[in-house]
């Protein structure tokens, strides 16, 4: 009886571990490889960006044309921007929205921790192009009225870019 129960516990634990590892995506960011649960972030996120005439994250010039060797640094700077600027100034309209924003911020903190480890072993190259792009993003952000809501509304662009990083 005890061995049957032990077998079930081990089997359930194994299934849970397989499910968790299957939901992780490996992002190749230059020489840095990290694991991210993009599905979990997307689950917490719902796009409400109604203003599409101005973009903070341009698919064309800021994300898609980032050189693979610069992706680690670029993502590190973007996460720093979201954590220090966007999430800190976000005024949630309800407790549910507040919990979802907090969940995304926690996921970003985990990713940032992995990127920091890559950076400590000099695997996270930062070129001038990255600094220029980050400056453009900050400049666009500062032109917005409802700043944090606009940046949150564009998370889908960032998540799509992360999802396609090979």
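Including glycine, each Cβ sits where the backbone N, Cα and C put it.
Any TrEMBL annotation is an automated prediction that lacks curation.
Taken from TrEMBL, the feature signal peptide applies to 1-23. As annotated by TrEMBL, disulfide bond applies to 32-118, 72-124, 73-126.
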72, 124, 126: which of these disulfide-bonded residues has the highest Cβ count within 10 Å of its own Cβ?
72
For residue 118 (disulfide bond), the number of other Cβ atoms found within 10 Å of its own Cβ:
20
